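**Student:** According to TrEMBL, the record shows the following:
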type    : residues                          : note
BINDING : 126, 127, 128, 129, 130, 131, 132 : ATP binding site
DOMAIN  : 124-330                           : domain 'Mur ligase central'
DOMAIN  : 351-479                           : domain 'Mur ligase C-terminal'
MOD_RES : 239                               : N6-carboxylysine
MOTIF   : 425-428                           : motif 'L-lysine recognition motif'
């Protein structure tokens, strides 16, 4: 990658064009670039004070930002910062803007030579299924393009199609996102498949990106709480932002609020393709063989030539829908039906729908499920697989975010579970017992047996041990993760899958 640079004069032009500039802070306040800043050339961008030097443009962003972070950066030689308000006791120059997050995106695009314009981008949103759908699209297009697909997901990221790093966020922070896209372009990638979270639009991480294809899988209350979305309306609004930031939408016809989504497409003149089990442009139908891992697609017009039978490695009708959305998207991006049919039977997703069987015939399902919609889908699958057995859950809920999940999870458990072990799941700075109590309070069905066991390993062991031949145990929430977040730290944890495998 060539050396990347940007100057104060270039930054001023960008900010004025985007109507973001307030002033420059030098020896005095200016609307033009102060003379003393004329010779500055920035060779890196950062929002982390620990990753700065004299040639870094530093962004003061986030509700938790402290002036001490800026002071630390200045001590390391920092000469200039960007902020929504001036730090008048700071010796560094200031570029003051009306919206720090929008400014980050605006400047990052130019600094990294607009990598977003050099990739065919597919963005995927929804309350449930983003990761699975993203993996399906990626694997199909990897065959189509000879592995030239960058991939950003809640599970892992790659900028070269070969080497993968564990993801920190579902959608990377703005500066990281543009840096990763630039690296992908430098590595010869032609396509980018990425999950787009509601928080990505809430915090403007994806500001300035127009997707060639957007996929909207479903919507159900989630991520609602003091540090995320104040209410469902805000959550849904942020999810819908993908629509007018896409050139083509693919939407689940059975999604809640479909008419609103459809009207939003029409209002922004975004072409819409629908799919669904009951109707839609592409219908998702059971396989004639009756195989629960197989399905078929039927369309009256079938412009994309995808009508036919498909097989997955994963169980669940909900995965048939996720795969259909992925097939339609991949074929719009240049894939063929034959490529999709050959790839999908081999696609597995870390921590999603991993099914194990005890010697007595009981099934153990390990899944990242952590909200009402995912609990509902898994429970319905479980009752299909083992209609005469008990459904036993092991679950908790993360601390410090999405507090609305807790009563929603309790409602799902009340509707479907026979027994639940409430346990720890990334409690962070909260008391896991208090979180468990919130879930338990929403379990109103008197038939549901509730046990609290805050040692997650013991909870998993107990559930697996008691499962009889017709029972199903769902180990929900952690997926493939082998840690628990406690008091801001990742504490080692054997892992739900590893514990279950050890006990079989």
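Quick reminder: no glycine exception, Cβ is built from N, Cα and C everywhere.
Keep in mind the model is a prediction, meaning the values are calculated, not measured.
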**Student:** With an 8 Å cut-off on Cβ distance to the 126, 127, 128, 129, 130, 131, 132 Cβ center, who else from the chain surrounds the ATP site?
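**Tutor:** Neighbours found: 124, 133, 217, 218, 322.
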**Student:** May I ask which residues of the same chain, at least 6 positions away in sequence, place their Cβ under 8 angstroms from the Cβ of residue 131 (ATP binding site)?
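**Tutor:** Set apart from residue 131 (ATP binding site) by at least 6 residues yet with Cβ under 8 Å, we have 153, 154, 155, 195, 349, 352, 368.
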**Student:** Over the span of the domain 'Mur ligase C-terminal' (351-479), count residues by DSSP class, listing helix, strand and coil in order.
**Tutor:** 47 helix, 28 strand, 54 coil
**Student:** Could you round the CA separation between residue 239 (N6-carboxylysine) and residue 126 (ATP binding site) to a whole angstrom and send it over?
**Tutor:** 7
**Student:** Hey, does DSSP put residue 126 (ATP binding site) in a helix, a strand, or just coil?
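**Tutor:** The three-state answer is coil.
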**Student:** In the structure shown, which of the binding-site residues 127, 132 has the fewest other Cβ atoms within 10 Å?
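**Tutor:** Counting other Cβ atoms within 10 Å of each of the binding-site residues 127, 132 gives the minimum at 127.
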**Student:** Long-range same-chain neighbours of residue 128 (ATP binding site), Cβ under 8 Å, sequence gap at least 6?
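**Tutor:** Long-range Cβ contacts: 217, 218, 220, 318, 371, 373, 374, 377.
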**Student:** Which residues does residue 130 (ATP binding site) neighbour through Cβ under 8 Å, counting only same-chain ones at least six apart?
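**Tutor:** Listed in sequence order, they are 124, 153, 154, 170, 195, 196, 197, 217.
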